[in-house]
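A quick write-up on the structure given underneath.
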Amino acid sequence: MSTSFTEPAKKHLGQNFLHDRSVIDKIVQAIDPKPGDAVVEIGPGQGALTFPLLKRHGVITAIEFDRDLHAPLQAAAREHGALRLIEGDVLGVDFSALTAELAPAEGKIRLAGNLPYNLSSPILFHALDHAAAIRDMHFMLQKEVVERMAAGPGSKVYGRLSVMLQAYCTVTPLFVVPPGAFRPAPKVDSAVVRLVPMPTESIHVADRRVFANVVRAAFGQRRKTLRNALNGVADVAAIEAAGLRADARAEQIEVAGFVRLANLLADA
Ligand code: SAM
């Protein structure tokens with residue numbers, strides 16, 4: 001097995017490797033790992049973020065799917081620190097179990113990564129499923145995705161991703177990264193975002209599944225009024241009991257409105 005990074009980047013795995021030193025430094029500064037933090041990187045690739053993080057923090061856990069990268073990563077990591085590599089698909093990793101193993105005292109890990117853009121939504125939703133086990137997340141994503149995550153009611157890009165994330169996390173866009181910072185260069189701008197899951201006691205969603213269904217239905221047909229979009233999910237009486245107008249559209253409803261409606265349905 002090869003121990004150097006000789007393979008070309010694989011498009012189907014979303015491989016756009018960071019090479020801009022100043023961007024890498026800004027990400028490491030944003031994460032700012034402190035002694036004892038359990039930092040878990042998703043998609044270390046050729047180590048662009050992993051090795052600076054290792055140098056600064058000494059120990060990093062990383063999850064990489066591409067088996068051609070496993071041996072070269074392990075070999076190159078040795079001079080920087082202790083890399084614990086999980087060889088496999090991040091979507092199959094139980095972050096709650098990983099947290100119990102890596103951070104039994106605090107009960108929280110810190111996630112980071114320049115994510116494969118084709119999988120960014122599934123990875124975000126997977127992380128949300130384990131939000132109670134995560135202290136924070138620093139992710140590089142397509143700029144357009146970060147804009148959707150942070151958008152509020154009335155914005156054209158306010159949608160399911162905005163509501164689902166903001167119900168559980170504070171979302172802070174940090175900085176934009178141009179295509180030239182990567183090899184190969186993606187076609188679009190990227191951005192780094194910080195997500196901090198709210199403490200369990202400040203999350204008011206009673207039933208996550210009901211909430212997800214309401215939000216999916218409401219934005220599934222975003223041009224329709226709530227009355228029509230939520231047909232079969234919530235009737236007009238429930239919509240109005242939640243303090244919402246049945247002739248409003250999903251893009252006008254704030255996160256708390258969706259939470260009220262979902263909680264009412266969960267209670268019923
Ligand atoms: N962190 C590196 C960097 O910044 O140069 C690589 C980032 S690249 C955008 C995304 C990385 O995620 C690649 O190394 C890719 O192989 C890996 N990856 C893709 N799908 C994955 C999955 N399902 N689970 C874990 N890693 C995955």
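Positions of Cβ are set from backbone N, Cα and C atoms, glycine also.
DSSP gives Asn114 (S-adenosyl-L-methionine binding site) a strand state. Counting only residues at least six positions away in the same chain, the Cβ atoms of Asn16, Leu18, Ile27, Gly43, Gly45, Ala48, Leu49, Phe139, Met140 sit under 8 Å from the Cβ of Asn114 (S-adenosyl-L-methionine binding site). Sequence annotations record features per position, and here TrEMBL assigns S-adenosyl-L-methionine binding site to Asn16, Leu18, Gly43, Glu64, Asp89, Asn114.
Residues or ranges marked as domain 'Ribosomal RNA adenine methylase transferase N-terminal' in TrEMBL: 23-199.
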Based on Cβ atoms within 10 Å, give me the single least packed residue among the binding-site residues Glu64, Asp89.
Asp89
Give the helix, strand or coil assignment DSSP yields for Gly43 (S-adenosyl-L-methionine binding site).
coil
According to DSSP, which kind of secondary structure is Asn16 (S-adenosyl-L-methionine binding site) found in, if we only use helix, strand and coil?
coil
So what's the average pLDDT for the domain 'Ribosomal RNA adenine methylase transferase N-terminal' (23-199)?
97
